[in-house]
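Colleague: Okay, handing you the structure first.
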């Protein structure tokens, strides 16, 4: 039995392990947390990290346990980044491949729409959508997803256009393959490499975007914890209680790194041309 | 249309829009393909040989290309007027094609067996496992050693010759009536070329397939074909049986082509012959014969009027030639 390629690829494996640790943490958080993440405790305000008190990552300005809040925030960040990326990727790739494949007026209509979305800086666009939709976790997903649509559309359109002039597409046509068939079986498998890179980048920027939105008070609403609103509230006290900012920040950095490593590794794994010849 | 004619192309016109105007890449081309026969189409780059055959399968990209006239009769059905869906069931099943460059004609990210099985699943409704078995069998038939293992490979793990073999396996998988081979050996080594040509000939005889062989290599024509069409600037200038054509070429262009084949005996003693000048600009064709500027037999009439196709009855069979040197000798062919 051969070891799966993902295990042999060190980079992808490292990324996968990091992500699995986070998944584990978010599952654990559903059943057990060291402390109640929203219960305030005025007796233990801004305690430093210590084993004795049980607050491993210290407490924040309301005496809430930082570790519990990070753990609780993991599932929020995860759900938001995965579903927002999925939303943007599915719609964006669908639009992009048809635009690229059909060309002409369809292409023009789809891509001008994407250009309009692209004209706004992503954070600004997300803030704009949040302002329209109102502050809610689902709306964060929607806002980030919409921000992603043009990015995926553009990447997939470009790759499809580069590909569709290839002889093998013509060969597939000459074998009687129809339009949808060629798109699904010949074009899509060939653009997975750029898309996977984009997905891994998107997963990580979604976490950053969600943090930014929460930081600005537009994302996950207090008292529910998210890494972004933890950083936001830590801003006032981080000069004398740095742990309130460092640990949520680290949580973000590590997960972003994990997604990027996995994406990088996956790209190498999924492209047969980069594999070792057996 | 004879009993034995399987494909009849009549007055085919394909044009491309370019920045400099409309280019008639194929201009009123007519020919018949008989069952079990190999028809060669020869001509230099840009003479319209490939476009003619892509037009038969309606594989011309629109825009910029468009088929604007003519008929392609296959089993009494005009392929130019059937629906795209009907076309899908003709391509690969009844008429299939091999392309010039085997390095780019296979999808790099799909395993070899899957690409062959694809055609089987599309046209013969085979299930995946059944199609895989058949694909491996086809690989064995076309002479790939250890086909079970090779089937699991990706195209980049195959050599050029093996990839062309795979293309042939794909093209023959549904046992088509017509196989169009677009310069199947141009991108290959000479030794591999012979193997591939042998393979095509062998399978052609085995399955009673008619073949259209597009090439610029007269050696391939001499070896493979029964009938030959010589194309120049989007037209067929001469059409004859292979022996008649090589034995006594009639059109000055055909003669020029035959004279430019290097011969062993003359090495070092004689300069290679070449046809002077270059092909005309298709976007800007002058009236008259497109070959006249390069022709050493040009007459006054060549500058003003396009020569019609003239049918000559010869001992070896019928010959068509479009040149004013042979005026009204027989009855007019298709202009």
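Cβ coordinates are placed from backbone N, Cα and C, and glycine is handled just like the others.
Feature table excerpt (TrEMBL):
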| type | residues | note |
| --- | --- | --- |
| TRANSMEM | A:12-33 | transmembrane segment |
| DOMAIN | A:74-263 | domain 'ABC transmembrane type-1' |
| TRANSMEM | A:78-101 | transmembrane segment |
| TRANSMEM | A:113-132 | transmembrane segment |
| TRANSMEM | A:138-155 | transmembrane segment |
| TRANSMEM | A:195-220 | transmembrane segment |
| TRANSMEM | A:240-263 | transmembrane segment |
Colleague: Quick one: find which recorded stretch in A:12-33, A:78-101, A:113-132, A:195-220 has the most Cβ pairs under 8 Å with the transmembrane segment (A:138-155).
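Modeller: Comparing A:12-33, A:78-101, A:113-132, A:195-220: A:78-101 has the most Cβ pairs near the transmembrane segment (A:138-155).
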Colleague: Can you say which of A:12-33, A:113-132, A:195-220 has the most Cβ pairs under 8 Å with the transmembrane segment (A:78-101)?
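Modeller: The stretch I would name here is A:195-220.
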Colleague: Mind checking which residues reach the transmembrane segment (A:195-220)? Cβ under 8 Å, same chain, six or more beyond either end.
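Modeller: Those are 73, 76-77, 80-82, 84-85, 88-89, 93, 122-123, 126-127, 130-131, 135, 137, 140, 143-144, 147-148, 151-152, 155-156, 159, 226-229, 231-232, 252, 255-257, 259-260, 262-264, 266-267, 270, in sequence order.
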Colleague: Quick test of the contact rule: Cβ under 8 Å, at least six residues beyond the ends. What residues does that give for the transmembrane segment (A:113-132)?
Modeller: 92, 95-96, 139-140, 142-144, 146-147, 149-151, 153-154, 205, 209, 212-213, 216, 218-219
